[in-house]
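The coiled coil annotation in TrEMBL covers 262-289. Residues or ranges marked as domain 'Calponin-homology (CH)' in TrEMBL: 28-132, 141-247. Annotated domain 'EF-hand' per TrEMBL: 742-777, 783-818, in sequence order.
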Amino acid sequence: MDDYPSDGYGEEEEEWDREGLLDPAWEKQQKKTFTAWCNSHLRKAGTQIEDIDEDFKNGLKLMLLLEVISGEQLPRPDRGKMRFHKIANVNKALDFIASKGVRLVSIGAEEIVDGNCKMTLGMIWTIILRFAIQDITVEELTAKEGLLLWCQRKTAPYKNVNVQNFHMSFKDGLAFCALIHRHRPDLIDYHKLSKENPLENLNTAFNVAEQHLDIPRMLDPEDMVNSVKPDERSVMTYVSAYYHAFSGAQQAETAANRICKVLKVNQENERLMEEYERLASDLLEWIKKTTPWLENRTTDNTLPGTQRKLEEFRDYRRKHKPPKLEDKARLENSFNTLQTRLRLSNRPAYLPTEGKMVSDIANAWKGLELAEKGFEEWLLSELQRLERLDHLAQKFRHRCEIHEEWAEGKEDMLQSQDYLKCRLNELKAMKKKHEAFESDLAAHQDRVEQIAAIAQELNVLHYHDVQTVNTRCQLICDQWDRLGTLTAQRRQGLEEAEKILEKIDQLYLDFAKRAAPFNNWLDGAKEDLLDMFIVHSIEEIQDLVEAHEQFKGTLGEADKEFNSIMNLANEVQRLCQQYGLTLRENPYTTVSPSDISNKWGEVKQLVPKRDRTLHDERIKQENNERLRRQFAQKANIVGPWIENQLDGVASIGVAARTSLEEQLNKLRQFEKATDSYRVHMNELERYNEEVQESLIFENRYTHYTMETLRVGWEQLLTAIARNINEVENQILTRDSKGISEEQMNEFRVSFNHFDKNRSRRLEPKEFKACLVSLGYNIRDDRQGDADFQRIMSIVDPNNSGYVTFEAFLDFMTRETADTDTAEQVMQSFKNIGGDKPFITAQILRQELPPDQAEYCIQRMAPYTGRDAVPGALDYMSFSTALYGESDL
């Protein structure tokens with residue numbers, strides 16, 4: 001091959017040429033193919049060749065061929081017929097070929113003039129490579145590779161076609177038929193062809209190409225079928241004619257692909273907008289329905305009813321709110337992704353429907369959480385209030401029962417006039433008895449006032465059954481007033497009778513004097529031992545225990561007093577027995593020895609009961625203390641962990657040399673760690689439920705509350721999701737705009753330097769300083785202010801007063817962006833529309849996928865130019881609208 005011409009396409013093409021003309025069958029194929037190729041161009045000049053070896057000898061037709069295929073004028077040929085004239089003409093042709101950058105190795109004019117077939121074919125192959133194949137490139141591949149890739153793409157959908165080379169892959173003719181059918185399906189019924197009929201397939205393709213596509217027959221079907229390996233150069237030459245014949249369709253396809261790409265971007269953006277609107281509407285509607293429920297501060301005013309309401313609130317926190325929090329995060333991420341896509345595709349920023357901005361949703365969510373916080377605080381305080389109410393109501397009923405038991409029969413006794421029928425000593429005793437009653441009545445004054453005070457407190461605290469309380473309290477007070485009046489009336493009667501009756505039984509009197517206070521003490525002791533109590537700490541129950549122990553310390557003296565009083569009664573009984581007297585009831589008191597004995601027995605029985613009650617309460621308070629410590633121990637671990645995670649998330653991206661992928665990987669690790677840590681939050685929620693169910697309202701072992709931990713947890717989840725979304729958008733921006741890792745680091749370092757509070761946004765002054773640090777020359781004059789305001793209008797179109805990192809990054813990379821434009825889309829429509837200023841629905845349906853064709857047809861306005869045809873559509877205004885303010 002050393003004497004073959006070099007085609008200038010590198011060693012890989014020389015490799016597949018190496019066996020080029022050694023096979024006589026290949027030489028025959030090349031002569032036929034190259035002759036047909038040359039004639040396809042020479043006929044434009046009204047001539048042709050018959051024998052490629054002979055007809056190029058004098059150089060005249062060779063020069064004419066070069067003028068036709070190049071469109072340029074060669075030097076005038078020498079018209080003589082001598083050998084040197086022919087050599088001069090051939091040299092002119094070879095010089096012209098060399099002027100086009102083609103190296104001719106070992107091809108001289110003498111060999112062509114002498115009719116050297118091998119050299120002549122090599123020269124023609126060089127011309128074919130330069131003028132028919134060299135400009136064929138697909139995805140920056142070499143000419144041969146580009147042509148092969150074009151064939152592979154066009155024939156990919158066809159059964160029994162697998163183009164891998166330019167010899168065996170075309171031998172059965174199906175590849176030629178597939179190329180024709182792909183571009184002109186009206187010329188060939190591909191589905192009727194069979195791999196078993198290669199000769200018929202080849203004839204079909206060659207005939208159709210010659211008759212309908214103006215491609216001459218350059219190959220012989222019998223040679224193709226009978227050759228062990230068809231000649232590669234011949235097949236390439238013939239296939240290149242197909243490429244050029246369909247180049248117009250290729251341009252239309254390219255234009256259609258560009259339009260499809262643009263429309264696909266718009267359709268996806270519209271889908272994201274619709275999804276955002278739907279998510280926003282659903283979330284706002286849920287917040288609108290939920291907030292009034294959280295703002296409702298009414299209950300049935302009972303402890304069980306309020307506890308049910310607390311359980312409903314817990315159910316809301318566990319089941320209903322978390323999915324909505326995820327919807328909110330997904331909504332924000334979707335909005336950020338959509339805005340990034342719009343920036344990257346040169347579309348205007350998306351402005352949601354009024355009232356559905358991300359800030360609107362954030363404000364609504366903030367209002368929801370404010371209502372939620374107030375609702376829980378109100379519920380817990382209401383539980384505390386109702387617990388106290390329940391305790392007061394029990395205490396009220398208990399004291400009413402004691403008083404009513406004491407007052408029973410007192411009115412009848414006071415209204416009795418029995419003193420008119422008794423003896424003197426009985427009267428005196430009756431008077432003393434009445435004095436004892438008055439003392440007893442005075443002692444009960446405090447109890448009645450306590451009952452009234454408890455009733456008043458129940459009224460102030462709005463106890464649900466306050467009507468019953470008031471009725472009962474009023475009955476007791478009315479009765480008390482009557483007792484006072486009757487007592488005064490009876491005393492007056494006794495004093496009038498006292499002048500007649502004078503003997504008093506001193507012994508009964510002593511008993512009465514000592515029994516009355518002791519009886520009151522017994523009543524008080526019994527009341528104290530049965531007294532209801534409510535405590536909230538171990539210290540409080542300890543105080544009650546100590547008071548009870550002090551009370552038990554007085555029982556020894558009480559026992560002595562009891563024995564002394566009982567001795568008085570025993571002495572009366574002894575004297576009556578000794579002197580045979582009738583034993584009467586003590587006229588000075590209603591308290592009998594048996595009453596004292598029974599009450600003393602009750603007090604002694606109530607003491608151990610009180611011991612057990614205080615012991616049980618102490619166990620309860622110890623359990624409450626355990627619950628406090630249990631919650632605090634866990635909260636004091638979870639709280640700092642959440643704070644550290646928040647600090648860790650906030651610190652990502654601050655480092656100067658951290659790549660976006662590394663940041664994303666770290667954020668994913670935070671996300672995974674947080675998801676794994678959720679079990680601790682769930683454990684804390686269970687502890688908190690136990691604390692609330694035990695009605696524990698304070699915890700001195702931790703400053704963390706469940707509410708603060710929930711807020712911190714939700715902030716952590718939101719921060720991780722938001723940062724992942726931001727980094728993914730930065731990666732999308734970087735990759736779409738071709739930003740190097742060094743550039744991205746430089747931008748991030750500069751931004752972070754001026755972002756002192758790590759808020760991910762800069763004030764205008766900070767942004768200006770950042771631009772200056774990156775080399776922007778912003779002058780300190782009116783023109784500089786105007787330039788900076790223009791930049792601010794780009795990076796802050798909504799006049800929010802700050803510049804986000806995404807907007808800053810978009811601005812810094814705007815000049816290097818390789819994105820489509822409205823002008824490119826217009827040119828694409830022009831290409832598929834045949835260079836007309838309008839397009840028709842028929843062409844759109846023919847060139848574009850069905851859904852994108854209908855998308856254009858529904859949105860394009862009618863074309864109104866003078867050259868309009870029926871149904872003409874205006875693609876120019878449509879293309880402009882894709883990149884501007886529009887309802888599209």
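Cβ coordinates come from backbone N, Cα and C, glycine included.
All TrEMBL annotations are machine predictions without curation.
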Surrounding residues of the coiled coil (262-289) on its own chain - C-beta under 8 Å, 6+ positions past either end: 324, 327-328, 330-331, 334-335, 337-338, 341-342, 345, 347, 350, 352-353, 355-356, 360-361, 364-365, 367-368, 820, 825, 848, 851-852, 855-856, 882, 888
Chain residues in Cβ proximity to the domain 'EF-hand' (742-777) (below 8 Å; excluding those fewer than six residues from its ends, i.e. six or more beyond): 650, 653-654, 656-657, 659-660, 726, 730, 734, 788, 791-792, 795, 801-805, 808-809, 812-813
Segment confidence, the domain 'Calponin-homology (CH)' (28-132), expressed as mean pLDDT: 87
Per-state residue totals over the domain 'EF-hand' (742-777) - DSSP helix, strand, coil: 23 helix, 2 strand, 11 coil
Summary of DSSP states over the domain 'Calponin-homology (CH)' (28-132), given as helix, strand and coil counts: 67 helix, 0 strand, 38 coil
